[in-house]
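Peer 1: Under the heading active site, nucleophile, TrEMBL lists A:Asp6. TrEMBL lists A:Asp8 with the feature active site, proton donor.
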Number of protein chains: 2
Amino acid sequence: MRILIDMDDVLADTSLKILNETNKRLGTNFTREQLNTSPEIYKEYYEKYSTVRGMLWEKGFFADIPLIQDAQEVVQKLHAKHEIFIVSAATEFPLSMDEKLEWLDKYFPYIGWSHTVFCGHKWMIKADYIIDDHEKNLINFEGKGLLFNATHNQHVKEFTRVHSWKEIETILL
Amino acid sequence: MRILIDMDDVLADTSLKILNETNKRLGTNFTREQLNTSPEIYKEYYEKYSTVRGMLWEKGFFADIPLIQDAQEVVQKLHAKHEIFIVSAATEFPLSMDEKLEWLDKYFPYIGWSHTVFCGHKWMIKADYIIDDHEKNLINFEGKGLLFNATHNQHVKEFTRVHSWKEIETILL
């Protein structure tokens, strides 16, 4: 079985880095709990974040993203049984790609450049499953989509939502 | 119809840059004509080139590759009628990817990051055609493969060989 795994907000807690950097750059004190429980505060945060969004294109931004809990353990188990490709919509951020390869080598060294894909769209990649936090990457995908739960995808209803790597383990292993 | 187009030695004359750089770094005078007509000289060249192959990982190497003849004109015509993805096995060369995006923006500005893919393998990408100079990228590919003629693929017999972008134009348009 072939499984495509997204990076940002699936393997890497990119939203947390963005939250911390937004707070740091704007002197704000938004917390993840606030964003997850109050749509009004999330809206206010998102407007403020939009003013510093250019940081995503800065060199170094993607070098030190924290890991999502249990991702290392479960991906290694999946890799032992299935064909795994890491598929990240990273071509929008030209300086991110060598940082993302280094990040993967650090935490998932058995994947390697040969099974890493950086792209814009993902619909033309053929696989049995995709694990992704963005609806746009599940729509038109030929296999089954697992929507990795995130603050920004709460409105999406059509796909199987997974809240953790432990939950993915029970579905795919 | 969806068409995947490789970069190195299909859109970009990477072999020419490698030949010129090898000559420059080793003080040799190999010519493309020699490599195309004498297997012995090609073998000698390839052994020498192997000693400086590390240059492919240097920053800047992929920034200034010359264009392949007629690629701009024919790709633009293909793009007007078909869904085009540029698919380059570039993840092996981490520093090449932002240079490749800039190169594409310069010569093929209508493609953009959304239709650019950097990967190791290509077999899992679904399309009607792939235009590529490497046999490994045509084997296991689900659609039809067009092998772009190159010195290094003369031994390959199984695929439709194309010698120029004008020839591709007559096949696909």
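In case you wondered, yes, glycine gets a Cβ from its N, Cα and C as well.
Curation plays no part in TrEMBL annotations; they are all automatic predictions.
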Peer 1: Comparing the active-site residues A:Asp6, A:Asp8, which residue's C-beta has the most other C-beta atoms within 10 angstroms in this structure?
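Peer 2: Result for the most crowded candidate: A:Asp8.
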Peer 1: Per DSSP, A:Asp6 (active site, nucleophile) is which: helix, strand or coil?
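Peer 2: In the DSSP reduction, A:Asp6 (active site, nucleophile) maps to coil.
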